[in-house]
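According to TrEMBL:
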BINDING   B:14, B:41, B:107, B:130, B:175, B:274, B:370  substrate binding site
BINDING   B:71, B:106, B:107, B:130, B:175, B:206, B:233, B:234, B:235, B:244, B:274  pyridoxal 5'-phosphate binding site
DOMAIN    B:33-387  domain 'Aminotransferase class I/classII large'
MOD_RES   B:236  N6-(pyridoxal phosphate)lysine
């Protein structure tokens, strides 16, 4: 039996285990210090009432023969797909319900969509980047070309006609940088993809944080339905990181090599997936009710206020950063040209605050640092006061 | 962008849509007839009380900041993996908890495990077969060799040393035939796999139906930990078809080409999966409590009694079949050498009973027919009385 040898080429990531080790050491040596964690991109507020109520009633349905649900449609229940369709409509994007596929999260679908593409394609991936875009392609042996995201382009690289590629990854609002493409910039990407015949894999997991006049979906851009697949999630929008639900939009008009991607993805999902738990889909549908929308907006405002406090602190300190608005992430330039890990150690030592060294997200991340706004409000304020009191000179 | 052209070779399955169409036609022309459906392999009894209670309490945990669960371990929570480990121990199989991976169902993992294998492997698949084994490999362009399961071998084919293969699919108790390998037969498969260096993908989704002295896990066989991966599910064991949870066992001792499959699968899952919903894992863990075990056994007994009634009827009629014991499926030989679809039409017409034509599962299924024991008790009895009253001469 021949193994897929490409797995040997997947780099082991020690980023978060390295962080954990340094924090553990610090805590052991400083048991009296209260460490505040702003490193991991996980939510902390509970599920909203509307979702909780709906899930309780869905559990009850599963307890009675008359209302019990067995196998559901692999693509997701129509009640949820229709709600997602209406949600898109509220952003002026018209979709057919059969273009929407309910998933167990953006991470799964971002990996699994690659099933549809030949190994012999070149991927264009920004650096710094969410490591999953890279690893999933290394596992198949696809060639990866990086595009530089840096201070010069505000961590929003634009198409370079000299670079040949077939599969383009765009995440906006971006993880880890918090940077967001505007309409004009995203249009440049769509035009470029259409011109070279590439597919755009658009990760919109953080769209709910957009508040300015910026695109929340790539399908707000003319032509995108002929070149893009969009991945979205309830994880950050409604606190579903441990509840697992997302959705992927594959337009019916998406064709490559004479084959229809919507039909291929349906075939993939019906063959290798059995849908998301009924209880979870019921809960997700409550996110779109009037009550649910009001409640998730409250939680989003809580995180956004954290981001605002963080951004204000950095502004006051004269530290360069992206994100902090329209995003739960702040991507800051380490003061005094410090390296990412040196800044990590300094912040832990002097402010007892944990963040994520930018170097962990790619070579262009060196010298930068990520903080997340998903923490507790009081802790966030305290962390910022502590950072402000550090002398970086 | 180059598409994965292998998708063009995946056969469209019209089996269940063809069945639905014929039933719809019949119902339209015979509105007074009460049609009994014994075709689809989906459970009908609700989730047991222990699971329902545990899921309600898990939903409550998600409603409070102090007990809220964000991202969980991709491999599954330790509380569930330990319960699964103990369950295996009760069948005399010793596992390490890190050999157990909680999944959203056997179907997902049976497809996704192929990520670890090179395209250039030959798959050995029984005919008749659960179509997913075939389709997932056609999608990657792997060569498939079929082994004949038929009346002569009791639908339990044994290794043929003249056939070269790398990936072997075994499902026992089998879907669609209900046939179950004994210890000696399964040992022949393990020995063969070790000899030729193949991997066995063992689908044990129906193990909970085993009551005789037959293997429930391939790891009951010496040597299996060096050649097999096992896929199991709560779907049929505890009525989780719409709740989605299963588990995959990848032994730490499984190595091919100098690479460790357990480590590769962990890498695959941490990269392309974010775990099963906490609420679902909590519910699944209740299956292993004393209360839960008693309750699921009650449901299993209900289905087993249906199977017994069905088997008794066919015995009385002198119709040859496999399954009906240690399995929720009955695989019968159509009387008078009828073809599968002719028997389907006759059964629908004369007994108003819907089953699944064996021809839908492969060429060796022609002339056979599948009935499932997952229906209502009274309906099953009525269906059997109706079938008994048909004159097949």
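Using N, Cα and C of the backbone, Cβ positions are placed for all residues, glycine too.
Mapped onto this structure are the features recorded in TrEMBL.
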{"residue": "B:14", "record": "substrate binding site", "DSSP class": "coil"}
{"residue": "B:41", "record": "substrate binding site", "DSSP class": "coil"}
{"residue": "B:71", "record": "pyridoxal 5'-phosphate binding site", "DSSP class": "coil"}
{"residue": "B:107", "record": "substrate binding site", "DSSP class": "helix"}
{"residue": "B:130", "record": "substrate binding site", "DSSP class": "coil"}
{"residue": "B:175", "record": "substrate binding site", "DSSP class": "coil"}
{"residue": "B:233", "record": "pyridoxal 5'-phosphate binding site", "DSSP class": "strand"}
{"residue": "B:274", "record": "substrate binding site", "DSSP class": "coil"}
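Proximity to chain A, taken as a Cβ less than 8 Å from one of its Cβ atoms, holds for B:107, B:274 among the recorded positions B:14, B:107, B:130, B:233, B:236, B:274.
In sequence order, the binding-site residues near residue B:236 (N6-(pyridoxal phosphate)lysine) (Cα within 10 Å of its Cα) are B:41, drawn from B:14, B:41, B:175, B:274, B:370. Cα-Cα distance from residue B:130 (substrate binding site) to residue B:233 (pyridoxal 5'-phosphate binding site): 15 Å (rounded to the nearest whole number).
Checked against residue B:41 (substrate binding site) by C-alpha proximity, the binding-site residues B:71, B:233, B:235 yield B:235 as the nearest. For residue B:14 (substrate binding site), the nearest neighbour among the binding-site residues B:71, B:233, B:235, judged by Cα separation, is B:235.
Residue B:71 (pyridoxal 5'-phosphate binding site) has its Cα within 10 Å of the Cα of these binding-site residues: B:274, taken from B:107, B:175, B:274, B:370. Annotated pair residue B:370 (substrate binding site) and residue B:235 (pyridoxal 5'-phosphate binding site), C-alpha to C-alpha distance, rounded: 19 Å. Binding residues for substrate (B:14, B:41, B:107, B:130, B:175, B:274, B:370) extend across at most 36 Å, taking the greatest CA-CA distance.
Closest by Cα distance to residue B:233 (pyridoxal 5'-phosphate binding site), from the binding-site residues B:107, B:175, B:274, is B:107.
Binding residues for pyridoxal 5'-phosphate (B:71, B:106, B:107, B:130, B:175, B:206, B:233, B:234, B:235, B:244, B:274) extend across at most 35 Å, taking the greatest CA-CA distance.
A Cα-Cα distance of 14 Å separates residue B:235 (pyridoxal 5'-phosphate binding site) from residue B:175 (substrate binding site). Other C-beta atoms found within 10 angstroms of the C-beta of residue B:71 (pyridoxal 5'-phosphate binding site) number 17, with every protein chain shown included. For residue B:175 (substrate binding site), the same-chain residues 6+ apart in sequence whose C-beta sits under 8 angstroms from its C-beta are B:41, B:130, B:203, B:205, B:206, B:329. The secondary structure of residue B:370 (substrate binding site), as reduced to three states from DSSP, is extended strand.
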